[in-house]
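K.L.:
Below is one structure. I have some questions about it.
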Amino acid sequence: MALSYLRPWVSLLLADMALLGLLQGSLGNLLPQGLPGLWIEGTLRLGVLWGLLKVGELLGLVGTLLPLLCLATPLFFSLRALVGGTASTSVVRVASASWGWLLAGYGAVALSWAVWAVLSPAGVQEKEPGQENRTLMKRLLKLSRPDLPFLIAAFFFLVVAVWGETLIPRYSGRVIDILGGDFDPDAFASAIFFMCLFSVGSSFSAGCRGGSFLFTMSRINLRIREQLFSSLLRQDLGFFQETKTGELNSRLSSDTSLMSRWLPFNANILLRSLVKVVGLYFFMLQVSPRLTFLSLLDLPLTIAAEKVYNPRHQAVLKEIQDAVAKAGQVVREAVGGLQTVRSFGAEEQEVSHYKEALERCRQLWWRRDLEKDVYLVIRRVMALGMQVLILNCGVQQILAGEVTRGGLLSFLLYQEEVGQYVRNLVYMYGDMLSNVGAAEKVFSYLDRKPNLPQPGILAPPWLEGRVEFQDVSFSYPRRPEKPVLQGLTFTLHPGTVTALVGPNGSGKSTVAALLQNLYQPTGGQLLLDGEPLTEYDHHYLHRQVVLVGQEPVLFSGSVKDNIAYGLRDCEDAQVMAAAQAACADDFIGEMTNGINTEIGEKGGQLAVGQKQRLAIARALVRNPRVLILDEATSALDAQCEQALQNWRSQGDRTMLVIAHRLHTVQNADQVLVLKQGRLVEHDQLRDGQDVYAHLVQQRLEA
């Protein structure tokens with residue numbers, strides 16, 4: 001472990017010694033004298049060492065600190081020359097200088113490594129996210145391709161706005177020079193006019209630019225959310241058992257928002273800053289090349305500060321994402337099960353859980369804000385030091401007659417702006433990595449292949465409804481070692497009612513889930529009219545095989561929306577016919593708007609029996625050939641049960657009833673008893689076998 005960690009550094013030292021030996025000989029004689037030769041030497045060292053380490057796959061943190069090692073000496077002598085005001089300052093080459101200069105370079109690298117090791121979060125040094133991030137960025141760009149016209153318009157307005165903003169300080173300097181010298185009314189009026197013109201034009205263009213980027217952001221956000229939601233609904237049930245609801249909600253809300261702002265928001269700031277920096281440096285060079293080169297020294301300082309700050313910032317942002325998702329999960333569980341929470345008097349316990357989750361969020365927010373404040377203080381101190389240095393050199397140039405007072409004012413305004421935009425450019429790198437991190441999670445869901453067979457195409461015009469379980473076994477994906485069903489073999493015949501009974505955990509609901517094609521058997525075959533269930537078209541199958549659960553799930557919307565759920569072009573007459581068959585027409589008729597009455601979230605405005613009737617009507621409106629009732633009549637009165645019995649007698653439908661009551665079993669034509677996933681009994685009703693008699697006796701005693 002230790003040897004593999006030291007290998008890049010040892011390789012760097014040996015390669016650098018060999019290269020410096022070459023530069024000390026005939027190769028070094030080819031280099032020019034002074035600062036140009038020093039910079040060529042540093043650049044040559046950087047390129048060769050970078051290439052060798054890249055070939056050996058040894059870059060990592062060494063590659064991050066390599067520019068400091070190779071360019072620290074040229075930067076030092078360049079700074080001394082710029083501050084002193086002369087480029088003829090004697091310089092030394094690292095290859096031919098004393099060992100002190102080389103040790104100083106490696107000392108700076110060692111100090112930087114120590115700072116990096118202390119301030120960077122664990123694991124950052126070992127990460128190599130470049131290639132992966134580039135792939136994700138390409139996918140984000142591809143996702144934004146439909147909005148290319150709006151992005152082009154936004155970029156046009158961006159260039160116009162930035163150019164206008166860049167010219168304003170130039171004319172401000174002219175005004176100062178006019179007021180400080182011989183006053184020329186025409187020149188003064190011209191300068192003021194152009195200042196106003198560029199101010200108004202840049203403001204208008206900036207508004208158009210921002211509007212175009214925001215419009216693009218909203219379009220991308222909608223597109224990502226639609227694709228993600230569509231992908232989630234196609235996943236297998238095992239995925240939802242393994243993934244928390246709070247995590248899915250977080251991906252659909254916060255992560256998709258981060259993704260949608262990646263291109264519009266970052267492109268807005270990135271391109272604006274880039275164009276602004278280029279334009280500002282152009283005008284700064286016209287004022288004073290010496291001051292311009294001096295201001296360039298702020299770049300490595302800014303990059304170094306961001307290099308330390310960004311990994312910490314990204315790490316804490318990821319922790320905040322997880323903490324917020326957990327806090328949201330507590331709220332959703334408590335509110336979703338409020339009746340249970342209240343019935344057990346657990347309000348204070350849930351509040352305590354939420355306070356703990358919020359406290360974790362607060363600690364992370366405080367840590368994020370503290371680190372950001374410390375970083376901003378360091379940046380402002382560095383900016384102030386650079387400004388003082390430029391002022392000192394600027395005064396020397398004014399005294400030498402090289403720069404006017406107005407020119408120095410323009411330069412200081414430019415320099416303040418360019419520092420801000422350079423920081424924006426460097427900051428955008430970290431922000432883009434943050435958003436790409438969110439995109440990685442979303443893309444993992446978009447790319448996930450559901451553990452489901454390929455959809456079938458069978459959709460016969462008529463279905464008999466004969467169901468055959470042939471030696472069917474099943475285990476849930478999360479517990480493959482624990483079989484739920486073992487070797488089930490039975491047939492459900494059209495025109496018969498089969499009761500499936502057994503103790504809790506025997507596998508009754510799993511049989512219903514397999515019959516709906518929600519899971520696939522791990523062994524054996526499940527046939528419908530002699531064809532494997534997976535061969536049928538998805539929508540066709542779920543029109544022909546329908547389940548009504550003991551606790552029906554309803555959705556916010558009207559009565560009609562819930563009965564006709566999943567159906568297209570379902571007429572009101574069909575809805576009312578199904579409601580009448582389910583004995584739901586009486587309470588629907590008493591509602592204010594009939595079948596168009598809103599029933600609230602999860603059908604909260606209905607009683608339990610009314611919910612079951614709507615769920616039965618939702619199944620009957622499809623006119624299924626196979627109907628599964630998971631004790632779905634437990635909350636119905638005798639009249640409604642009789643109406644359902646009448647519907648059963650119409651047509652040769654196949655019916656499977658998961659029974660928990662003696663009354664339901666007595667009305668069945670066939671009884672199947674499950675125990676520990678095995679079919680214990682498969683005889684006709686009222687044969688009086690021991691297992692079934694024992695079950696009936698237990699029910700009567702209960």
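Glycine is no exception: its Cβ is also placed from the backbone N, Cα and C atoms.
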K.L.:
Between the candidate ranges 293-313, 545-565, 608-628, where does Swiss-Prot place the transmembrane segment annotation?
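P.N.:
Per Swiss-Prot, the stretch marked transmembrane segment is 293-313.
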K.L.:
If you check Swiss-Prot, which stretch out of 73-92, 173-192, 413-432 is marked region 'Part of the peptide-binding site'?
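P.N.:
Going through 73-92, 173-192, 413-432 one by one, Swiss-Prot flags 413-432 as region 'Part of the peptide-binding site'.
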K.L.:
Are L214 and Q544 on the same side of the membrane in Swiss-Prot?
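P.N.:
Topology check (Swiss-Prot): L214 vs Q544, same domain name.
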K.L.:
Pairs of Cβ atoms less than 8 Å apart decide it: which stretch in 187-207, 266-286, 293-313, 374-394, 408-428 has the most with the transmembrane segment (148-168)?
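P.N.:
Looking only at 187-207, 266-286, 293-313, 374-394, 408-428, the most contacts with the transmembrane segment (148-168) come from 187-207.
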K.L.:
When you check the transmembrane segment (266-286) against the transmembrane segment (374-394), do you get at least 3 Cβ pairs under 8 Å, counting only pairs 6 or more apart in sequence?
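P.N.:
They do not touch: fewer than three Cβ pairs between the two stretches lie under 8 Å.
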K.L.:
Other than its close neighbours in sequence, what residues sit by the region 'Part of the peptide-binding site' (413-432), given a CB gap under 8 Å and a spacing of at least six beyond its ends?
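P.N.:
137, 169, 172-173, 262, 266, 269-270, 272-274, 276-277, 280-281, 283-284, 287, 291, 295, 298-299, 302-303, 306, 309-310, 313-314, 379, 383, 386-387, 390.
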K.L.:
According to DSSP, does N504 (ATP binding site) fall in a helix, a strand, or coil?
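P.N.:
In three-state terms, N504 (ATP binding site) counts as coil.
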K.L.:
Sort the residues of the topological domain 'Cytoplasmic' (208-265) into helix, strand and coil with DSSP and give the three counts.
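P.N.:
DSSP classes over the topological domain 'Cytoplasmic' (208-265) add up to 52 helix, 0 strand, 6 coil.
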K.L.:
I need the neighbours of the ATP site defined by G502, P503, N504, G505, S506, G507, K508, S509. Which other residues of that chain put their C-beta within 8 angstroms of the C-beta centroid, in sequence order?
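P.N.:
Neighbours found: L674.
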K.L.:
Per DSSP, what is the residue tally for the topological domain 'Lumenal' (287-292) in helix, strand and coil?
P.N.:
5 helix, 0 strand, 1 coil
